[in-house]
Amino acid sequence: MTQNFFNPVTTQTWTNGRHNVRCVKVIQETWDVRTFCFMADQPVLFFFKPGQFVTLELEIDGEAVMRSYTISSSPSVPYSFSITVKRLPDGRVSNWLHENLQVGSELVVHGPVGDFNVIDYPADKVLMLSGGVGVTPLMSMTRWFFDTNANVDLQFVHSARTPRDIIFHRELEHIFSRIPDFRLHIVCERGDESGEPWAGFRGYLAQAMLELMVPDYLEREIFCCGPTPYMKAVKQVLKSNGFDMSHYHEESFGATPADVRADVEELAEQAEAEMEAVDTADMLQVEFSNSGKSIRIMPEETVHAAAAKLGLHIPKACGMGICGTCKVKKLAGEVTMEHNGGITEEDEADGYILSCCSTPKSHVAIEF
């Protein structure tokens with residue numbers, strides 16, 4: 001790569017949107033987890049908030065597929081970014097990435113987006129709680145704290161199934177060995193089948209264990225990411241001890257595609273059953289300016305559902321207002337948007353909405 005690649009005059013800054021990137025490195029983190037590192041062909045500074053995520057635009061067996069992954073790298077290393085992916089037995093996308101994505105592969109990403117980050121919630125004392133591959137956004141935050149010499153009292157508690165499942169193990173130990181105010185605690189559900197010894201905490205994270213590791217956990221800003229049962233257990237401990245939940249922040253993995261399809265089918269059946277009971281005067285018109293198509297929909301139906309009924313395909317990944325993939329511009333009218341961090345305040349001010357979680361309050365016009 002030539003020195004001109006890093007010319008600050010020609011270097012662009014990453015903004016929320018659609019970008020072409022190329023895989024430049026693949027790292028085997030554990031037996032079933034890989035990190036994929038990306039750069040742009042034209043120099044781009046990948047600025048984002050530690051904890052945010054991107055959505056990959058892929059083609060698998062001839063079908064367009066969108067999937068969101070947290071950025072595991074730190075914005076303090078701005079010319080590239082990384083995602084860390086666990087290979088799931090029935091995971092269509094994760095298996096495809098592990099089998100097909102290699103150095104030189106090109107793809108499209110959308111983002112960065114997400115409210116789960118340490119920039120918007122600064123604190124002097126931080127507790128990070130992660131389970132399994134939920135360590136990825138917290139690793140981005142930890143790398144950021146380390147690289148920027150942040151004056152933060154950080155306690156990090158990570159739970160893994162076995163010692164060989166500990167993601168970023170060596171790097172975490174390196175980081176926490178060099179900063180006096182950083183403390184690392186690792187919990188393994190059990191030892192390795194190979195018999196590898198594990199002298200650390202064993203079992204599942206519980207109140208007694210948390211109190212032993214982090215006695216002042218109720219005084220900290222808490223960032224949590226992991227499987228739903230893990231986060232549910234964490235919240236139960238916190239709430240039962242009077243923790244102020246305004247200082248608790250979490251990132252979940254969301255529903256699986258099968259769950260989303262089941263929800264869609266259930267809602268479609270419900271909508272059909274209720275159609276006869278709806279006064280047509282209550283229905284609202286949704287117009288799509290680029291296609292010249294419009295449709296009247298029932299109250300509480302989303303802009304995305306309106307587009308689908310017209311045969312218009314607005315890209316979508318999570319279906320829950322998290323990933324930001326379905327962002328479109330509203331030209332007229334009012335909507336109610338109940339998102340989960342997938343859109344910035346700046347984009348909202350500019351008239352953008354997330355079609356998957358926006359329901360019209362009046363007749364609306366959409367640029368699509």
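Just so it is clear, glycine is given a Cβ too, placed from its N, Cα and C backbone atoms.
When pLDDT is averaged over the domain 'FAD-binding FR-type' (16-119), the result is 92. Annotation comment: Swiss-Prot describes 16-119 as domain 'FAD-binding FR-type'.
Marked as domain '2Fe-2S ferredoxin-type' by Swiss-Prot on the basis of sequence analysis: 284-368.
Within the same chain, residues at least six positions away from CYS326 ([2Fe-2S] cluster binding site) with a Cβ under 8 Å of its Cβ are HIS304, ILE314, PRO315, LYS316, ALA317, LEU354, SER355, CYS356. Taken residue by residue with DSSP, CYS326 ([2Fe-2S] cluster binding site) is part of neither helix nor strand, so it is coil. If you look up Swiss-Prot, you'll see CYS318, CYS323, CYS326, CYS356 marked as [2Fe-2S] cluster binding site.
Close to the recorded [2Fe-2S] cluster site, the chain also has THR55, LYS316, ALA317, GLY319, MET320, GLY321, ILE322, GLY324, THR325, GLY342, LEU354, CYS357: residues not among CYS318, CYS323, CYS326, CYS356 whose Cβ is within 8 Å of the site's Cβ mean position. In the domain 'FAD-binding FR-type' (16-119), the DSSP tally of helix, strand and coil residues is 9 helix, 54 strand, 41 coil. Ranking the binding-site residues CYS318, CYS323, CYS356 by how many Cβ atoms sit within 10 Å of each one's Cβ puts CYS323 at the top.
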